[in-house]
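**Student:** Provided herewith is a single structure, encoded as structure tokens, for subsequent inquiry.
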Amino acid sequence: MMELQPGRIVNSHGRHYVVESPDGTRRICHPRGKKSQAVVGDEVLWLPPRPGQGDEGSIEKIVERRNLFYRQDEIRTKAFAANIDQVLVLLAAEPVFSESQLARALVAAEAQGIPVIIGLNKEDVTVPFAQAWQRLAAYRRLLPGQDGAAAAPLYPVLRLQLDAPDGGTDFPQLRQTLAGRATLVLGPSGVGKSTLINRLIPDAAVQTAAISTVLNSGKHTTTTTTWYWLAREQGCAVLDSPGFQEFGLRHIAPTELVRCMPDIARHATGCRFYNCTHIHEPGCVVRAAVEEEAGPDGDEADGVPHDGIAASRYALYQALFAELSG
Ligand SMILES: Nc1nc2c(ncn2[C@@H]2O[C@H](COP(=O)(O)OP(=O)(O)OP(=O)(O)O)[C@@H](O)[C@H]2O)c(=O)[nH]1
Ligand SMILES: [Zn+2]
């Protein structure tokens, strides 16, 4: 009897999975049976091939996941990765990002309890950068701490210049956040994802080369997520993910949405009706907290915590609630 071996899925292509053993060796495996529901980041138990059966193994079992970061439209579920510690949403001064796509990615992460950091790249393109920074005001602003905690921004937003020698103003902070964690990098095309990966992992090409040759005849394209080690001994990994056009949230119930928008959720406890949807009900504390105007910035720079709900965030809530109810 051959023994089940532990491993982790670090890349995939169709029904071919690259499984890495604890000693770092990598091997192509196929899932047992018809279904192939393993995703990058999964811990698996696999069997080596029987003598004379080639050199590809078979995945026998997927270990229970800590989390699964995915999007879902009407038709299909697209998994980005499993068992991650955090998501880095990378945006840039150019191309101009969609706040709706950003908000959706954040909701999907919150739904799985996965912490998020936002990176804003291309600090050197100053005017568009300033505009993008302003568009992120609702994400940067300090919220008063709850239960005695210190005030903190809704999400950390880091200023980056990934093609510069020092990586930009907050690059040291990014490095710190990455340490010891598995971070999924998510972002639209052209924001600098490859620049980041190549900067962090000079041997990125080497880590994927042997595998890509087998998987897709030598050409490494980001059609699925790839797991890269920054420091294997410290458990520090960065996962490069494929770009996406639309971030579907069909897996989230409309009533679950508020829980996934923490700046809104913090107000959603005192409404008159226990099952308030915060859309039209009288006595809704959420709607009462929405700011009429843009309001004071209250970002981390001025150090003033600011509790109201940004009008743009409530508008996103309304739009998503309607979409998920439809
Ligand atoms: N001005 C400026 N350009 C940058 C910076 N970082 C990356 N770029 C440029 O932005 C462009 C896109 O960078 P990539 O790293 O290829 O972006 P990507 O997100 O991997 O994009 P795809 O390959 O399309 O998925 C390249 O021309 C980079 O040289 C930066 O800090 N400032
Ligand atoms: Zn309400």
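Placed from the backbone N, Cα and C atoms, the Cβ positions cover glycine too.
Quick paste from TrEMBL:
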type    : residues                                                                     : note
DOMAIN  : 71-247                                                                       : domain 'CP-type G'
DOMAIN  : 82-245                                                                       : domain 'EngC GTPase'
BINDING : N121, K122, E123, D124, G187, P188, S189, G190, V191, G192, K193, S194, T195 : GTP binding site
BINDING : C271, C276, H278, C284                                                       : Zn(2+) binding site
**Student:** Express the distance between the Cα positions of V191 (GTP binding site) and H278 (Zn(2+) binding site) as a whole number of Å.
**Tutor:** 35
**Student:** So which binding-site residues out of C271, C276, H278, C284 are up against ligand 1, CB under 6 A?
**Tutor:** none
**Student:** Which one is it, among the binding-site residues C271, C276, H278, C284, that lies nearest to K193 (GTP binding site) by Cα separation?
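**Tutor:** The smallest Cα gap between K193 (GTP binding site) and any of the binding-site residues is with H278.
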**Student:** Nearest to C284 (Zn(2+) binding site) by Cα, among N121, E123, G187, S189, T195 (binding-site residues)?
**Tutor:** G187
**Student:** Whose Cβ, among the binding-site residues V191, C271, C276, C284, has more other Cβ atoms within 10 Å than any of the rest?
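**Tutor:** For the binding-site residues V191, C271, C276, C284, the Cβ with the most other Cβ atoms within 10 Å is V191.
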**Student:** Under 6 Å from ligand 2 by Cβ, which binding-site residues from S189, T195, C271, C276, H278, C284?
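**Tutor:** So the answer is C271, C276, H278, C284.
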**Student:** Which of the binding-site residues E123, G187, S189, T195 has its Cα nearest to the Cα of H278 (Zn(2+) binding site)?
**Tutor:** G187
